[in-house]
Amino acid sequence: MPCEGCMERDNKSTDPTMEFLLLGFSELLCLRVLLFLIFLIVHLVTLAGNVMIFIAVVKEPSRPPMLFFLCQLSVIELCYSLVIVPKALLSLIVVDGSTISFIGCAAQMHLFVALGGAECFLLVAMSYDRYVAICQPLHYVAVMSEGLCLRLAVACCLGGFAVALGLTVAVFRLPFCQSRRINHFFCDVPAVLHLACTQSYTPELPLLAACVLLLLLPFLLILTSYVCITAALLRVSPSVGRCKAFSTCISHLGITLLHYGCATFMYIRPKSSYSPARDKMVSLVYTNITPLLYPFIYSLRNKEIRGVLRKMLKRKKTAQLN
């Protein structure tokens, strides 16, 4: 489907000097101040929660693999929030929307997709960690070595950035409409694709390929891990031991369902079903509320994180008394 108001192709769509206009929440003039305060408070709490977990894990001398992965997840969420939220806050201050350059829009999309993709791959690594811990407990220390964890962390980041680069290049090579008004608060892929002046579904193919690589395949790997974990737990005789083993997976399952649920709703669908108002509300949850919930989920449900945070607070109290 062609974009709204698009009468001709713009052959300078790849010109780095062109600009887009992010409309943000310009239709909600009366709620502008309230939304700004809510966004700001959520952003600050998200940053504080992830920074606290990052510092607590870094200061811990002995870091099990799960703590190492949670530390990386906190760093990803920190960067994720810093890429999206400042521009969203700016769009609430400027009445007629905020402008963003062609390069700036491409960079924001690339970082957003790359960090989200790295998180998808990291959730797979965390599910593998739980699989080895429950299904092969005697070999856990040998298998989940520090070297393997580091290689998995690097592979997650490189994989996310590689897929994001291919998707971003494919999107920004398209011819865009004369009216470059993005009805969103950041350069999200469906919102930018909606400006493409083309009647074919070819521009959606790179997004479909990225969804397969970043969403479908990782989710299938996570599902496979939990099928093996469930089969192993069913063989455990005492129900207490079974519940105790499964409780170590609760925080990872919660984060996985949140992340893949929102991402699947946003990106695995045809361009014709695009709805700016609905997408903005879902993106609001996906980019603000979900990162806020992550620190609470894995700090309240993960025994190792709770122990590390208690140690950090105890050290801080001791230092204050001294």
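Backbone N, Cα and C atoms are what each Cβ position is placed from, and that goes for glycine too.
Keep in mind the model is a prediction, meaning the values are calculated, not measured.
According to TrEMBL, the feature transmembrane segment maps to 33-55, 67-94, 100-128, 148-172, 207-234, 246-269, 281-300. Under the heading domain 'G-protein coupled receptors family 1 profile', TrEMBL lists 49-298.
Counting Cβ pairs closer than 8 Å and at least 6 residues apart in sequence, the transmembrane segment (33-55) and the transmembrane segment (281-300) reach three or more and so form a contact. Same-chain neighbours of the transmembrane segment (246-269): 73, 116, 119-120, 123, 126-127, 130, 133-134, 188-190, 207, 210-211, 214-215, 219, 222, 226, 229, 233, 279, 282-283, 285-286, 290, 293-294, 297-298, 300-303, counting only residues six or more beyond its ends whose CB sits under 8 Å from a CB of the stretch. Counting C-beta pairs under 8 angstroms (sequence separation of 6 or more), the transmembrane segment (207-234) fails to reach the transmembrane segment (67-94), with fewer than 3 such pairs.
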